[in-house]
Amino acid sequence: MDSTLNRKQRDRAKLTLLIICGLYNTYEQWCRILLPFTQWQLLPRPSMFDTLLLNAIGTVAILIGSVFVAQIIDSVGGRTAAVFATVFVGIYQAIICWMKSYYVFGGMQLLLFFNHMPTIIDALIGQLVGENADNKERTKVLMRTIIPTSIAFATGPYLAVQILYLFNPGLEVVQMLCGILHILTVLPIIIIFLPEENNKKSRRIELPNVSSFVNILKDRKMIWSLVFVMLVMGPYSAYDQVMRTHLTGTMLTKPNEMAKMALLLGSTAFIANIFLLPYLQHKMRPSKLIQLSLTLTTGAYMYLSQVTEYHLVLIGMPFQVIGVCIALGQLSAHIMSSVPRSHMGKAAALNRIAQLTATAIVPLVTGYYTDNEEATTLCYISAAISALTIPLIHRYGDFVGQCPINNLPTRYE
């Protein structure tokens, strides 16, 4: 992102990125809520563990792609990377529901190699804010992305359910519509409204420079930040994937109830980030705020381990979502403030890699034990991981929010 932009142009670019963030996550949630139906139709029919294995293949593809997308951001520019991400993810969303073979479906997960719009948005926002911004300002801007994300968590599933049951065009058509709309709405916004890249950037895509990532990871605080991200994301991802599959039956019989759940979770995250989070940020240090959010998620997982009825699950899930959003937001902002502007893409990629690693590994480990519609063990494991992370934050995470970028060494260059 060009550093010569004036304030008005920067504000317009930030607004554009927030709109892209909202649209991307809307289509992402639209696709995710329909995906279990596609997996049910696969032949041979997958078990719960096989389903989680399919999800893990897609996650690994994204994981590998994060290194290459980071290099595209830092060498060619985030605008070009955003175009790649939109086209490939849109194609995936448009055709995935037509896949009926278990093995072909698994192969199609490789298209998720470019599913890195969150990484691109984080990197571009970091570049827009600039190196001289204090950590509080950087955190404030990065946390704003949670607002359109929260709205998308409600609108994406709601649109999918309403189109499917009001117009009844068929699962494949609804899913294909998702991918087509993704490309038709997001791509023009990127091309028309995102500023041109800095002229100093290269015009050719280079292979990833692994040594740059290694140098960034030499910072002990960066390592701990990424570990904390994994410890927060792992339990959330495991519970989300298993419960999303279990609740698909509810969507078949009571589609309006599933729409209400999506609306509840999205609205909860939206209200928490508009009203609750600013108040807590004013009263508490970032490390203490993360500990508070982990305490909230621990309590939520313990509660969810004791309930099975749908309306009781709805009581616990919003607290889980609030805790995870706050913790990940604070940690992500710190990670992005810990590198020079020229390495924002790599920092965003490392943050994404940490989340994806947890997403890929934890569901496979816990999913094996939840194959028979049993989520109690999963909740206990998630609660234990969240609880154990609290003293780790207290002992090793006091630096969060206290790492101004102008005090960093220049070894990353």
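Note that Cβ sites are derived from N, Cα and C of the backbone, with glycine treated the same way.
If you check TrEMBL, you get these features:
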- 52-70: transmembrane segment (TRANSMEM)
- 82-104: transmembrane segment (TRANSMEM)
- 141-167: transmembrane segment (TRANSMEM)
- 173-194: transmembrane segment (TRANSMEM)
- 222-239: transmembrane segment (TRANSMEM)
- 259-277: transmembrane segment (TRANSMEM)
- 310-328: transmembrane segment (TRANSMEM)
- 349-369: transmembrane segment (TRANSMEM)
| said: Suppose I define contact as three or more CB-CB distances under 8 A, residues 6 or more apart in sequence; do the transmembrane segment (141-167) and the transmembrane segment (52-70) meet it? | reply: no
Near the transmembrane segment (259-277) in space but 6 or more residues beyond its ends, with Cβ under 8 Å, are 29, 33, 143, 146-147, 149-158, 161-162, 247, 314, 317-318, 321-322, 325-326, 329
If you count CB pairs under 8 A between the transmembrane segment (82-104) and each of 52-70, 222-239, 310-328, the winner is 52-70
Residues outside the transmembrane segment (173-194) whose C-beta sits under 8 Å from one of its C-beta atoms, at least 6 past its ends, are 12-13, 16-17, 19-20, 23-24, 27, 30-31, 34, 38, 78-79, 82-83, 86-87, 89-98, 124, 160, 163-164
Beyond a gap of at least 6 residues from its ends, the CB atoms lying under 8 Å from the transmembrane segment (222-239) belong to 216, 290, 294, 297, 301, 304, 320, 324, 327-328, 331-332, 334-335, 338, 350-351, 353-355, 357-359, 361-363, 366-367, 375, 378-379, 381-383, 385-386, 388-389, 392-393, 396-397, 399-400
